[in-house]
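Here the structure comes first, spelled out in structure tokens, and everything after it is commentary.
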Amino acid sequence: MDLKNGSLVTEFILLGFFGRWELQIFFFVTFSLIYGATVMGNILIMVTVTCRSTLHSPLYFLLGNLSFLDMCLSTATTPKMIIDLLTDHKTISVWGCVTQMFFMHFFGGAEMTLLIIMAFDRYVAICKPLHYRTIMSHKLLKGFAILSWIIGFLHSISQIVLTMNLPFCGHNVINNIFCDLPLVIKLACIETYTLELFVIADSGLLSFTCFILLLVSYIVILVSVPKKSSHGLSKALSTLSAHIIVVTLFFGPCIFIYVWPFSSLASNKTLAVFYTVITPLLNPSIYTLRNKKMQEAIRKLRFQYVSSAQNF
């Protein structure tokens, strides 16, 4: 970061959560348990999808990728946040802050794109079942996965490069639980209106566009299902309602933070917790662990592991 007015910013101070020491301990235990469950749940899904041949299908390939992105997104911010709950001086180096922002937007952008791809997969599976295997080929799936990572990278690097060149004059307090672009940009000692508009157009537009596309895809699926069977409609409603809950919890805070004008509202820590801590935990349970085929695969994998351990 640039030197300005004789003051070189080498670290930022994160205010984190306010409250008594007992409340900090409560948050520490709660977020530690949530993060542990998030990591274990997503690893379980990835291992099961990889090891069980019955799950080698387009849907579970995408779910495995989603689990990996969820785990990475949570890991980008949650461990540091948990550690800070036990310290009075909550600081992060400038480059640590930049790294945190890069990976958060990288994995977040990739996950948003992947959710669109998963909605397309569900549309093909429900509305064009006879052509599902032909359309969702292995080559297309690999291309989709690579595309989601490319979009996530471009989305993140385009904003981080501009932020890294900002001069900071000494004010280095961030009223949040982790580093995020809107709050870091506001600390710069130059006019950042153009950059703020760019962040709104980039992060805000990506979040809002993906959210609208997902809702439209769900509506199209529901409109198409009744032509086939009432049982199919009931099953689709059950599946999509759960998906909509997770999508809303993930995209809602993102849209509010990045589409809303840069103000104190952007520092709402509760919103930040939702899409970096809560949603990565909900995705395994709602998208995958409620799936009967996945549950059966996990049981068989556990039985196989126990049998191998006993024989050993």
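Using the three backbone atoms N, Cα and C, a Cβ is placed for every residue, glycine included.
LEU86 and ASN165 share a topological domain name in Swiss-Prot and therefore face the same side of the membrane. Stretch with the largest number of CB pairs closer than 8 A to the transmembrane segment (101-120), among 58-79, 140-158, 196-219, 236-258: 140-158. The DSSP secondary structure for CYS189 (disulfide bond) is coil. Taking every recorded stretch in 26-49, 140-158, 270-289 and counting its Cβ pairs under 8 Å to the transmembrane segment (196-219), the highest total belongs to 140-158.
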